[in-house]
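> When I checked TrEMBL for this same protein, it listed these features:
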type	residues	note
DOMAIN	554-656	domain 'PGG'
TRANSMEM	560-584	transmembrane segment
TRANSMEM	590-612	transmembrane segment
TRANSMEM	632-658	transmembrane segment
TRANSMEM	664-696	transmembrane segment
Amino acid sequence: MAAYLRNQGLLEVVEPTSVPKDNDAWRKKNYNALNTIRRKCDPGTLSQINDICSAKIAWDTLAKMYQLQTRVHLDDPSRIALFDLNFGDLSGLSKPPLVRMVGTVATCQFDVDNKRFSRMYAAIYRGNWKDLKVELEADPTALTAKVSSQGHMLIHLAAFAGHEQVTEELAELMNRSDLEVQDSIGGTALTYASANGMTKTIERLLSFNDRLLFIRDLTGLLPILHASIGPHHQTIRYLYARIPISCFYPQSGHNDGSALLFFCIVSGIFDVALDLIRRCPDLTISQGFADTSPFLLLGTKASEFHSSNLKFWKRWIYSSRQNGIAERMNRTLNERARSIRIHAGGPSIPLGDKVPEEVWSGKKVDLSFLRTFGVKQIYEMKWMHVYAIEILRCMCQQISLIKDSELPTGIVENALTEAIRNGVFEFVIEIVKACPHRMYYLDIFGRNMIMAAVSYRQEKIYSLIYGLDSEKTNWIGGIDNFGNNMLHLAGMLAPPSRLARISGAALQMQRELKWFKEVETIVQPYHKSLQNMDGETPEQVFENSHKQLARDGEKWMKDIATSCTVVGALIITVMFAAIFTPSFSYRKSYLVFIISDSISLFASSTSVLTFLGILTSRYAQEDFLKSLPTKLIIGLSTLFFSIVSMMVAFCATLMIMLQGQLHLVVPIVLLASLPVTLFILLQFPLLVEIFIYTYGPGIFDKNRKRWY
């Protein structure tokens, strides 16, 4: 990938000595390099860098991940790859026979009689215990022999293949010490069973030898960490319950605690993460997987907080208009979050598996009904949000107890930067509450929290300024390292990941204008004409940065207007001709026909004229704020009304022509409803979106109460 970036002239963006620059040329190179890196990643790996807006940060993240990557293949006739180290998708790795492990290891080779063990290989990978038992009776010493060049025993291969019965039967035949035998990379049967999430088998193995819990592979990882990479939620909870908490202390000499906390946060296993951080608070500032602290990781998990984006109907369910249910649920979740402890007899309530019945106000609720309409999933999401907030508070409380000089360099600053980049306003609020001096944090560009929020177009974090009094003056008047004030930043083009959330270039341009106008209302007057180091005022920055977006918006509007004009013209032609059909005034349906035909004709005419107005507009940047969206709303609304009226006229005509023949009328009417349905499904959501963006309450929470 480095060679490709070099050929494209983009390698300088990701080089270690690269220094970010605040100009259009650098932003374009960063954008192109980031897209190139994303295109080269598999879907799993892409999920780890998808929310990163800096090509260098994405590059460094991948470098850290793949420093720990290797592939080791089993050299036997089965030619099956036993290990495929790929940390692409930490939240959903594949099922057996694929086993993921961490680390680069040096392996040794064993001299193996492949012919002797060939039948056993086949029996194991088929999961056929009966055939394997016959082979073992003929060759009992094979039970503890090294059957592969990588030093695996039969039980290792069975656990790798995910065959629980075969693994358990082999364990029954082996003595305690044999179960502790490791292969060339330090793996035991428990290692592979943990990597495959074989909880029942793990329980049996530990009943024979509980020392297996603490046997590390050559990379220094315990079995529970292999389970956490999976991730296998129930396996993690079971193993965590069996391991003394002292093993996870940072002072233990290993990073088991930080690695486990890292993977639990990545995988959303928040009950284990919360219990771990409460009992080992020092893990907050420890370095986890790929030198990333759990605190920094939490700042990137926007989906685990209430700030995650939900559609309006999901937000309504989330907040719940039934206050009694919502209050009881919040009380239940908070009590569970405060009192959670995991015991060997059984872990706490598994997230995602079951919603406590007390959540439903003590009433009997059909959970299948709730699951069908997505209500149950939303309440489970709320449950997870409570855990995430509780974990965050524990971490912030721990950081507040540590002197800044004793904290790892940049741990809080980097976490705040990621939280702002991802729009996790809860993170910002909690860290400022715990450490008030962090309110004056500046990023690498010399931008305060609100300036960074404007730059990343994170409206929820920007809205925090409305919850402040005198403190907001310092934030509003900031100047970054490049001479940009807040209005300059609002004039720059939004990150591609934020623009991609909005349909169509015209609506993207409208959102950019709304940001600029909003920031313009709060900055100091002289900032509106202040020049940055490039000698540009905020208005000039906006105009230059958005030229291409304005052209794309013009094309998008014209394409829609052209298509809808053709449809409207066809409706006019049909409806105008239909009005002169022979009179059927003696039929009751004729009155319905003539009214709907007239309405359709007038509505389609209005629609066509409106779209013609769009086609002939001057397309100045200011027009995208209200003028063009309003015309588009009128045009789409009247076109929709015209189509509905046309279908009504068509149905009325059928009733006139096929009087009394309902067996023909009903199927035809149902077919006639298809165009209306298709239009609603394809275009109506766009119409609603445009209306909300143009005349809705806006994206800024100006009524926010004081939060600090």
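Cβ coordinates come from backbone N, Cα and C, glycine included.
Fair warning: this is a prediction, and the values are worked out from it, not measured in the lab.
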> Considering every residue in the domain 'PGG' (554-656), what is the mean pLDDT value?
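Its mean pLDDT is 86.
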> Using a Cβ cut-off of under 8 Å, list the residues of the same chain at least 6 residues beyond the transmembrane segment (664-696) that approach it.
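That would be 502-504, 507, 510-511, 626, 629-630, 632-633, 636-637, 640, 643-644, 647, 650-651, 654-655, 658.
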> With DSSP helix as H/G/I and strand as E/B, how many residues of the domain 'PGG' (554-656) fall in helix, strand and coil?
86 helix, 0 strand, 17 coil
